[in-house]
């Protein structure tokens, strides 16, 4: 699936000196892969490098850079089916949330998350089919344009959308926390224009963070003997500016530690804290609602609190599912990075990390259609709108546009513009 940047670097460097990504001369220490899968169909010089090129890796070969015994069943058979379900489910989410009466700051974030998750799964899909479903993983990859396409579509773009999705989830939790715990502030900061601007900033920052990944490498071609014939293959190189100005050690240490702090561990810790605060605030609101109901007073206020709590519960579940699949990946990333840059951890092996990341990617993709099930099961308005669009028909949707079930969380739309889910 979409190979993480951390593994992407190691996939061309099966063995790297602990304590850095290369020595002072930038000559990388390569050794043959330790994977046990069959490489009988690989070129005899699959790991050979010309003596006059210390910066060139072995030619691009998927069998040698992925845990093929697991990648074929997961990437070739499970993932295409799961991606198809994700595309269908998230398309339905986008259609429902884009309806006029569903437009709100919270729904704008949820809609963008659905689009982001879909694109994150969609870009690698053609390569999964080509490499694993159709069994072309053992063939040398060429020409150069195909090598660039493979790298961009399976590594860079999925990581871009994954980064944006993580930050959008964090923004969703922060937004809900403001609605629940600081309602007066929400009227100023959680308006639709500000939320849309925030979404744009998130995508801009994610693109800026990954922008150098488009230029930190390049491919050249050469010919090798494979299956008794000459074949053109791609060879991977670091960019000149990396090896002569920035240094590879500094670049990758800075890049990966930034991802660990601001993309993986940081957002996960913040989401755990926000989820706990939201859960506590929701419990307090439920107690207040029960007291109002007991006193038989302020029935309208009681109903608003019930609707707000329902939305909060649903978003807590969405964030919990997100954490369930993201925290393991964050832990794997941290341990692997520490083992290769700080101190060697004997229980962390590259082969094991490759398998764990493969399964982590699978479960992350599995969580995408689960969000659709959560919306249908826990959101009355989403469920009713879905029925109007796809079961009762457009006429019913037009007839019920003014229905009381399309109520607001925090009073009139002019105050917070927040629609009940």
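Backbone N, Cα and C atoms are what each Cβ position is placed from, and that goes for glycine too.
When TrEMBL is compared with the stretches 228-252, 353-377, the one noted as transmembrane segment is 353-377. Between the stretches 40-63, 256-279, TrEMBL puts its transmembrane segment entry on 256-279. Between the transmembrane segment (313-338) and the transmembrane segment (109-129) there are fewer than 3 Cβ pairs closer than 8 Å, counting only pairs 6 or more residues apart in sequence, which means the two stretches are not in contact. Sequence-distant neighbours of the transmembrane segment (149-174) (same chain, 6+ residues past either end, Cβ-Cβ under 8 Å): 1-5, 8, 60, 106, 109-110, 112-113, 116-117, 119-120, 123-124, 126-127, 141, 198-199, 202-203, 205-207, 209-210, 213-214, 217, 259, 263-264, 267, 270-271, 274-275, 278, 315, 318-319, 322, 326, 364.
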